[in-house]
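S.K.: In case it's useful when we look at the structure, here is the feature table from Swiss-Prot:
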BINDING   Glu174, Arg220, His457, Arg498  L-aspartate binding site
BINDING   Arg220, Asp221, Glu222, Gln229, Glu491, Gly543, Leu544, Asp545, Arg546  ATP binding site
REGION    198-201  region 'Aspartate'
SITE      His32  site 'Important for tRNA non-discrimination'
SITE      Gly83  site 'Important for tRNA non-discrimination'
Amino acid sequence: MSMRTEYCGLVTEHLLGQTVSLCGWVQRRRDHGGVIFIDLRDREGLVQVVCDPDRAEMFATAEGVRNEFCVQVKGLVRNRPEGTVNAGLKSGKIEVLCHELTVLNASVTPPFQLDDDNLSETTRLTHRVLDLRRPQMQHNLRLRYRVAIEARKYLDEQGFIDIETPMLTKSTPEGARDYLVPSRVNAGQFFALPQSPQLFKQLLMVANFDRYYQITKCFRDEDLRADRQPEFTQIDCETSFLGEQEIRDLFEDMIRHIFKTTIDVELDAKFPVMPYSEAMARFGSDKPDLRVKLEFTELTDAMKDVDFKVFSTPANTKDGRVAALRVPKGAELTRGDIDGYTEFVRIYGAKGLAWIKVNERAKGRDGLQSPIVKNLHDASIAAILERTGAQDGDIVFFAADRAKVVNDSLGALRLKIGHSEFGKANGLVESGWKPLWVVDFPMFEYDDEEARYVAAHHPFTSPKDEHLEYLETDPGRCLAKAYDMVLNGWEIGGGSVRIHREEVQSKVFRALKIGPEEAQAKFGFLLDALQYGAPPHGGIAFGLDRIVTMMAGADSIRDVIAFPKTQRAQCLLTQAPSPVDERQLRELHIRLRQPEQPKA
């Protein structure tokens, strides 16, 4: 008989009366009245093994096994006794009467029980091998595998070719910091790990491969958050001779296919499309969570002439904004709740949080409760009530500052209230999946520190045709042929139509204050390729980690990556990064500079 004939979790009634050989780990060992029960676990689940004292040698072995021992069991599949069926297990109607028990490897006492749901992330990541044995982690990584398989199936059916691109490439810092790799044979020179395969996939389009994809690692040396890792995985795609709408349709279908085939979720038949300007105006975010039924009300123009300087000053400032957020039934929020929200918005740069409770709208000023009402004239109050549509029992929150501060703070407050227990109880948030496309992004953003424009996405994104003239006259007016797919407030994919003409790419570099010599040094290979009849092309990249995190309902992408890094970009399992010896550094022509000691 083979070492293993069946997986533990797949032993069911169809094997009744048969002898099976199982391998796995001891989840739990119980001694009941002289009979030993072992819950045996493998990747497919659990099966109950019964060890009877009639088989003395086997029973003696069973008495010595402990949790996480790796064992082999040979035995007879039989029905469980009446009243002992476990409906929660696929194998819950049967058990295996053990004939032979072999310890394949003993285990020291684990540092935690695998069913402990209150482990710290540090403990889990330090003992990641044991953490990965837990059913939820097994589920997450198998879900990840299925998502990748379904993406490959779809792309294969659509004529895409899987082509690998280099991991050791050229550093072209235009965004996040690169991870650098020193070259031993080229002293003083460095490779960079790719932040994306962007330029190589464009070159593949010039090379007539027409449709490319790759599920690949990307690397960015940036500060980490719950949805970031220094190395992450993209479903990276590029296609020739398709316009923006056609590209969106193609990959919208892919995401629908993946959700249906992996978790049996039917996404919208057609995703809504929202311009960036509308998303920022209504939600203060370019990745709005449409499950939350709260929206901003624009008040900037109505607050220009009020005596209340908190509102009028930003209303009359070039980059200022005044916006309101009406919360239905919010008048029941306590002063403690409001104080908590006030402290919360300070995280995003807000200096405070103004509010008005609407007790009786018909009474006008006298029906309102607020510390700011005395600073507003009747016309301003009427404008606020009219524009927000506030009703009796509502509360209206206000933000007034630079537009970025208003958008960030009020946008975060919108999500916090919507997803709170109050929000759920009052129908301010829906369940389910709310996808959309956000389009027409600004081509450039102005960097005050560098006193120049920088690319909002990357410098290879095509401007909209009607905005080409602005590249040399007013870059800030340029909109890009860029698009992000957003799902429940997460950007799960982003892409654009690319620049395929060398003269346009050179104009974009000039708008970014990248001179001809610098452009040739950094991107000469691209500029050269674009001169050989480069086709119109565009693409998109999806964050595999993010998609699986959402599907699994996980708190962090670290829960869907086998061996992730911490928020300090460290691997607690292997203790990477770590020092290297002096000999290796000499071979790489590197001398470390010791950090300066603080002066006493």
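In case you wondered, yes, glycine gets a Cβ from its N, Cα and C as well.
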S.K.: So which residues does the region 'Aspartate' (198-201) touch in its own chain, when a touch means Cβ under 8 Å and the partner is 6 or more beyond its ends?
M.R.: 165-166, 169, 172, 212, 214, 236-238, 458, 460, 523, 525-526, 539
S.K.: Given the ATP binding site residues Arg220, Asp221, Glu222, Gln229, Glu491, Gly543, Leu544, Asp545, Arg546 in the record, what is the largest Cα to Cα distance, rounded to whole Å?
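M.R.: Output for ATP binders Arg220, Asp221, Glu222, Gln229, Glu491, Gly543, Leu544, Asp545, Arg546: max Cα distance 20 Å.
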S.K.: Among the recorded positions listed here (His32, Arg220, His457, Arg498, Arg546), identify the one with the smallest other-Cβ count within 10 Å.
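M.R.: Each of the recorded positions His32, Arg220, His457, Arg498, Arg546 was scored; lowest Cβ tally within 10 Å is His32.
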S.K.: Near the Cβ of Gly83 (site 'Important for tRNA non-discrimination'), how many other Cβ atoms are there if near means within 10 Å?
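M.R.: Here the count is 5.
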S.K.: So if I measure Cβ to Cβ from Glu222 (ATP binding site) and keep only same-chain residues at least 6 apart in sequence, which ones fall under 8 Å?
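M.R.: Same-chain residues close to Glu222 (ATP binding site) (Cβ under 8 Å, separated by 6 or more) are Ala176, Arg177, Arg228, Pro230.
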S.K.: Looking at the recorded positions Gly83, Glu491, Leu544, Arg546, whose Cα is closest in space to that of His457 (L-aspartate binding site)?
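M.R.: The answer is Glu491.
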S.K.: Across all chains shown, how many C-beta atoms besides its own are within 10 angstroms of the C-beta of Glu491 (ATP binding site)?
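M.R.: So the Cβ neighbour count for Glu491 (ATP binding site) comes to 17.
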S.K.: I'd like the Cβ neighbour count for Leu544 (ATP binding site), meaning other Cβ atoms within 10 Å of its Cβ, all protein chains included.
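M.R.: Here the count is 23.
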S.K.: Can you see whether DSSP assigns His32 (site 'Important for tRNA non-discrimination') to helix, strand or coil?
M.R.: strand
S.K.: Any idea what DSSP makes of Leu544 (ATP binding site), helix, strand or coil?
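M.R.: Note: Leu544 (ATP binding site) is helical by DSSP.
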S.K.: Residue counts in helix (H, G, I), strand (E, B) and coil for the region 'Aspartate' (198-201), per DSSP?
M.R.: 4 helix, 0 strand, 0 coil
S.K.: Spatially, and counting Cα to Cα, which of the recorded positions is closest to Glu491 (ATP binding site)? Options: His32, Gly83, Arg220, Arg498.
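M.R.: In terms of Cα distance, Glu491 (ATP binding site) lies closest to Arg220.
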S.K.: Expressed to the nearest Å, what is the distance separating Arg546 (ATP binding site) and His32 (site 'Important for tRNA non-discrimination') at their Cα atoms?
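M.R.: With the alpha carbons as reference points, the distance is 46 Å.
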S.K.: How big is the Cα-to-Cα gap, in Å, between Arg220 (L-aspartate binding site) and Leu544 (ATP binding site)?
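M.R.: Distance (Cα to Cα, whole Å): 16 Å.
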S.K.: Check the Cα-Cα distances from Gly83 (site 'Important for tRNA non-discrimination') to the recorded positions His32, Arg498, Leu544 and tell me which is shortest.
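M.R.: Given the candidates His32, Arg498, Leu544, the nearest one is His32.
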S.K.: Please work out the mean pLDDT for the residues of the region 'Aspartate' (198-201).
M.R.: 97
